[in-house]
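Below: one structure, written as structure tokens.
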Amino acid sequence: METRVKKLRILLSNDDGVFAEGINTLARVLADIADITIVAPDRNRSGASNSLTLESPLRVRQIDEHIHSVQGTPTDCVHFALNELMKDNLPDLIIAGINHGANLGDDTLYSGTVAAATEGHFLGLPAIAISLVGREHFDTAAQVALKIVKNHLVSPLTTQKVLNVNVPDCEYEQLMGWEVTRLGARHHAESMIKDTDPRGETIYWLGPPGKKQDAGEGTDFFVVKQHRVSITPLQVDLTAHDSLGMITDWLSLESSK
């Protein structure tokens, strides 16, 4: 009797919106080896970070059998998927992306794509955020994701870390390899841009991202510039463990007066 192999179940989300090229390219490439469910925002929610919608309901629309859009943030999407839509048959893996643009260095703190993966991690599932350092070669990033998923099939990822993957915007054959990296850092953002709306009211635009401050060897910034895929393991415990003793000593100065 032929044994039927159970397909991997993958939840996809993003912050660029349910109709974005990145997430749909990813779904197409992964469909050969996995059952895909997409739950993503109904519009672009880039920069939403880990925000949740708390003071209004989430409006969910079914677009296709396995595609739902949510009038909410990327975190809302994953929260809804795991706590309602798929609660009786949870996915094996969560992938957020393919993001339209890089998520490098401290960009990760603002990224809705990284936040979607983080929410999956919070809820106990292995999670990957994948971004294209550009807006052209989404197939390259999808092939990178496919290779990572195949690795997961051989040796499943643990839920201890979120993988933040950044893929150079080039043909797959032009990639110069892979490297595990640490996050780099930028200077603070550029100045606000003051403008006037059609009604004569003063408005402000956020300035562009700051210049790279820490982009040396071993950082994600450095590696993608070398046409290599950057994979950074992220942890969600923000505790500065190496500072616990120092802060305890600092507080004792006040209590000893």
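Backbone N, Cα and C define each Cβ position, glycine as well.
From a predicted model like this one, the values you see are computed outputs, not experimental measurements.
Here's what Swiss-Prot has on this protein:
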- Asp15, Asp16, Ser46, Asn99: divalent metal cation binding site (BINDING)
Problem set entry | Cβ-based neighbourhood (8 Å from the centroid) of the divalent metal cation site, residues Asp15, Asp16, Ser46, Asn99 excluded | Asn14, Gly17, Ala20, Gly22, Asn44, Arg45, Pro74, His100, Gly101, Ser111, Gly112, Thr113
Exercise. Looking at the binding-site residues Ser46, Asn99, which sits with the largest number of other Cβ atoms within 10 Å of its Cβ?
Worked result: Asn99
Exercise. If one looks at the chain holding Asp16 (divalent metal cation binding site), which residues at least 6 apart in sequence have a CB under 8 angstroms from its CB?
Worked result: Gly22, Ile23, Asn44, Arg45, Ser46, Asn99, His100, Thr113
Exercise. CB neighbours of Asp15 (divalent metal cation binding site) within 10 A?
Worked result: 32
